[in-house]
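The structure appears below as structure tokens.
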Amino acid sequence: MALEKSLALLPLLVLVLLVLGWVQPSLGKESRAKKFQRQHMDSDGSPSSNPTYCNDMMKRRNMTQGRCKPVNTFVHEPLVDVQDVCFQENVTCKNGQANCYKSSSSMHITDCRLTNGSRYPNCAYRTSQKERHIIVACEGNPYVPVHFDASVEDST
């Protein structure tokens, strides 16, 4: 009797395991768009003269785990404005790809650079506030930023 009940539940167990095996790899995997937002967007943070901004943000955004990320840029503009860059001037990316776009207007950014002699786990960054055009790589559907390629000064 117990064996019959166990055998009746076997197909259900197999189905559950198959679904878990299919869904599980995507659980916890950050999309490229979400990674871009985590690493580069700080819409709420207004640029300030806080000299520890980069040290704090790089740690808070998990970019000092296992190593010190040498360079990072935070953009202090609304996410929708940064996403709109994907439909502005098409430029060639540093790696030669053709999916980069340059913002039509300058944006408030913070440039974070690892200081000389700084080593993991004591990552120390130099914080620089700038107003620059940004260049981002875009992909997907919807077409959104997935990589911060560069920032450039106004060419006027």
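Note that Cβ sites are derived from N, Cα and C of the backbone, with glycine treated the same way.
The model shown is predicted, which means the values in this text are computed figures rather than measured ones.
Some features that Swiss-Prot has for this protein:
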SIGNAL    1-28  signal peptide
COMPBIAS  33-43  compositional bias 'Basic and acidic residues'
REGION    33-52  region 'Disordered'
BINDING   K35, R38, K69, P70, V71, N72, T73, K94, R113  substrate binding site
ACT_SITE  H40  active site, proton acceptor
DISULFID  C54-C112  disulfide bond
CARBOHYD  N62  N-linked glycosylation site
DISULFID  C68-C123  disulfide bond
DISULFID  C86-C138  disulfide bond
CARBOHYD  N90  N-linked glycosylation site
DISULFID  C93-C100  disulfide bond
CARBOHYD  N116  N-linked glycosylation site
ACT_SITE  H147  active site, proton donor
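Here the features listed in Swiss-Prot are placed on the structure.
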{"residue": "H40", "record": "active site, proton acceptor", "DSSP (3 states)": "helix"}
{"residue": "C54", "record": "disulfide bond", "DSSP (3 states)": "helix"}
{"residue": "N62", "record": "N-linked glycosylation site", "DSSP (3 states)": "coil"}
{"residue": "V71", "record": "substrate binding site", "DSSP (3 states)": "strand"}
{"residue": "C86", "record": "disulfide bond", "DSSP (3 states)": "helix"}
{"residue": "C100", "record": "disulfide bond", "DSSP (3 states)": "strand"}
{"residue": "C112", "record": "disulfide bond", "DSSP (3 states)": "strand"}
{"residue": "C138", "record": "disulfide bond", "DSSP (3 states)": "strand"}
{"residue": "H147", "record": "active site, proton donor", "DSSP (3 states)": "strand"}
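Counting only the Cα atoms, the space from C68 (disulfide bond) to N62 (N-linked glycosylation site) is about 10 angstrom. Largest CA to CA distance in the substrate binding set (K35, R38, K69, P70, V71, N72, T73, K94, R113): 22 Å, whole number. For C86 (disulfide bond), the same-chain residues 6+ apart in sequence whose C-beta sits under 8 angstroms from its C-beta are Y101, V136, C138, Y143, V144, P145. The recorded positions listed here (C54, N90, C100, C123) include C54 as those with a Cα within 10 A of the Cα of T73 (substrate binding site). Non-local contacts of H147 (active site, proton donor) by the CB criterion (under 8 A, 6+ apart in sequence, same chain) comprise R32, F36, C93, V136, A137. C112 (disulfide bond) has its Cα within 10 Å of the Cα of these recorded positions: V71, taken from K35, H40, V71, C123.
Ranked by CA distance from C54 (disulfide bond), the recorded positions K35, H40, K69, R113 have R113 at the top as the closest. It is V71, among the recorded positions C54, V71, C93, whose Cβ has the fewest other Cβ atoms within 10 Å in the structure shown. Of all the binding-site residues in the list K35, K69, R113, the shortest Cα-Cα distance to N90 (N-linked glycosylation site) is found for K35.
The secondary structure of C93 (disulfide bond), as reduced to three states from DSSP, is coil rather than helix or strand. Within 10 Å of the C-beta of K69 (substrate binding site) we count 18 further C-beta atoms, all protein chains included. With a cut-off of 8 Å between CB atoms and residues at least 6 apart in sequence, the same chain places N90, V91, T92, C93, I135, V136, A137, C138, D149 near C100 (disulfide bond), listed in sequence order.
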